[in-house]
Ligand SMILES: NC(=O)c1ccc[n+]([C@@H]2O[C@H](COP(=O)([O-])OP(=O)(O)OC[C@H]3O[C@@H](n4cnc5c(N)ncnc54)[C@H](O)[C@@H]3O)[C@@H](O)[C@H]2O)c1
Ligand SMILES: N[C@H](C(=O)O)[C@H](O)COP(=O)(O)O
């Protein structure tokens, strides 16, 4: 049976998402089926468009034109200038994609970038990002954000919070939950039966025996020891500055970092063009490009579609694996 199409939510129309959706269609039109949830009037117009009345029509439409499930937006799409009148529809497009995924009408949800502050200002978006919003929509408490590429899979234990809040939010339970969800995701969505996970310390040199911070001695060491005793294949806490070079990465399947930039700097340095944002712990497959709205280049036609293409291909691979095909 032909796998179900992937739903692609449009994200911020003033960003590069719609341009990249057109480029992704050109790259993938003969490889997989996705449809864009967007206002057709916002599209740059670079490719033929086929308006859908039902997601099921996307597979037949894909070779002929970019399938679009139309959603009316109140605002305009001016590159680089988010229109607050679009904010609620941007959220609705994500919610529609989530609903279709939860109903099993699409094989996965891929999300084009949103501008978090624009959504907050325009529609009171009360979440730090897609990850937390999707967990809320799906009714699940614990999910993790993984950035994945062939060179590195990395998960920040804390995401969109200030650095000053990281030590307060980091707890043994959060680390335990993160290890559990990451290990399950590596097994279920990446087919790694016995995943090896490296865990970064919070402090420089993983605390240097207490000389540069006490969290490792106070609870991180003990939590990791307990998790190893429970059967997880873990190493750490490691000094973060020496756990991402080539030789170090060969010793693990995924790394867990303690905060956003400790995780995202290495992967966006190693593989910005092919990195994919995957949410683990949802009851459906969700991927996203590893970049944002790129307002500084929006409208110029120069955005690189590689990350979105990889995100769609990864979602399709995961869907086929889940369906046993
Ligand atoms: N998945 C998401 O929805 C997502 C991901 C990251 C950032 N964001 C949001 O996007 C907004 C802007 O964030 P930012 O400026 O930190 O990061 P960004 O990724 O939008 O831009 C950072 C730099 O990378 C460049 N860049 C990004 N994507 C590119 C592409 N496809 N091709 C060529 N160059 C590209 C941009 O031009 C810019 O110079 C923020 O609101 C942020 O929260 C959303
Ligand atoms: N933290 C990610 C990054 O910087 O690439 C991105 O903002 C993901 O956020 P979402 O939860 O909106 O996918």
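Including glycine, each Cβ sits where the backbone N, Cα and C put it.
Every protein chain shown contributes to the tally, and the Cβ of residue 268 (substrate binding site) ends up with 18 other Cβ atoms within 10 Å. What TrEMBL lists as substrate binding site is 130, 131, 268, 277, 286.
Taken from TrEMBL, the feature divalent metal cation binding site applies to 160, 205, 260. Annotation note: residue 160 (divalent metal cation binding site) sits in a coil segment as assigned by DSSP. If you draw a 10 Å sphere around the CB of residue 160 (divalent metal cation binding site), it holds 13 other CB atoms from the protein chains shown.
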Need the DSSP three-state call for residue 286 (substrate binding site) to compare against my parser.
strand
Tell me which binding-site residues (131, 205, 268, 286) have a Cβ under 6 A from ligand 2; sequence order is fine.
131
Ten-angstrom check, please: count other Cβ atoms within 10 Å of the Cβ of residue 260 (divalent metal cation binding site), all chains counted.
19
Counting other Cβ atoms within 10 Å of each residue's Cβ, which of the binding-site residues 130, 205, 286 comes out lowest?
205
Using Cα positions only, nearest of the binding-site residues to residue 131 (substrate binding site) (160, 205, 260):
160
